[in-house]
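Asks: One structure, as structure tokens, below. Some questions next.
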């Protein structure tokens, strides 16, 4: 496929793939946070974490 | 760029219909999932509650159980249908006697509406009326009562789904198998490869796109199974066959809890998309295979 590249992810990805992976991880992290971590740290920490992770995946993934 | 413009103009009506019937409802459900909206509640108006529906969902034991049951059901039916479907497809492509008749009979369940399949299987399994409990009791001494034994109910639902949908898998795999190129198979036979080796390394490799499509279709279908199970067991005994579709239906319709039901639908959609994507990545290859 056009614009595919090799990053640190184990598959070749284009921009859409990396955005998709970031969104999937954002939802997974948020749900995990609400279930296990929210009693100790608020949800916005998870959102921040996901945003940083998403940025990293989109740029270097 | 005239060709491109003409192309876009030609697919514009389809895109418009897809947008209206697919994208707009999705956005609506997404918005509703952030509201507390229950028409039977003291305040029947939608009230914005942020992520509270999702917060409640991750602790909802009934919801988590229905997700687990659905995944278990999906794994059982998908693997069984692929194995049986592939075996039958290979068999039906050979010159076996009465294969035309068998193919017709085998394909019949596909033409029956799921609700009718559920009704048929209910008649087959009603204690005191259906032949299955009668013969299981008289031949093997087994008490077969769907409304009492959860394992029997689950197994019957799985067998019913396999009976209903294996023909689809058989037909798609037959189409894939009959279009395989002959040359690599002949070359492998001349080189002395065993039938098992040829099947594993050549047939399955060439069949991968068809397999992937079949798995996607069946995976998505199995995850949203409602009507057959509703007709056969009603989700029971207890909640032992209450798959996610049935669970969402109970929350959205009898309880009219639209916000919570929307949140559950979105989580189900999320799981479906993630599972399909993981399967796609696993089957189309990691980096080493693509390079």
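The backbone N, Cα and C atoms fix where each Cβ goes, and this holds for glycine too.
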Asks: Could you check which of B:128-152, B:153-177 is flagged in TrEMBL as transmembrane segment?
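Replies: It is B:153-177 that TrEMBL annotates as transmembrane segment.
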Asks: Which stretch does TrEMBL mark as transmembrane segment, out of B:233-257, B:258-282?
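Replies: Within the set B:233-257, B:258-282, TrEMBL attaches transmembrane segment to B:258-282.
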Asks: Which of these ranges is annotated transmembrane segment in TrEMBL: B:7-35, B:36-64?
Replies: B:7-35
Asks: Compare B:7-35, B:73-93, B:153-177, B:198-220, B:258-282 by their Cβ pairs under 8 Å to the transmembrane segment (B:105-124) and return the stretch that comes out on top.
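Replies: Between the stretches B:7-35, B:73-93, B:153-177, B:198-220, B:258-282, B:153-177 has the largest tally.
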Asks: Give the one range among B:7-35, B:73-93, B:153-177, B:198-220 whose Cβ atoms make the most pairs under 8 Å with those of the transmembrane segment (B:258-282).
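Replies: The stretch with the most close Cβ contacts to the transmembrane segment (B:258-282) is B:7-35.
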Asks: Give residue numbers and ranges for long-range contacts of the transmembrane segment (B:73-93): same chain, 6 or more residues beyond its ends, CB-CB under 8 A.
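Replies: Hits for the transmembrane segment (B:73-93): 99, 102-103, 106, 154, 157-158, 161-162, 165-166, 168-174, 176-178, 211, 214-215, 218-219, 222-223, 225, 243.
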Asks: Other than its close neighbours in sequence, what residues sit by the transmembrane segment (B:7-35), given a CB gap under 8 Å and a spacing of at least six beyond its ends?
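Replies: That would be 46-51, 53-54, 258-259, 262-263, 265-266.
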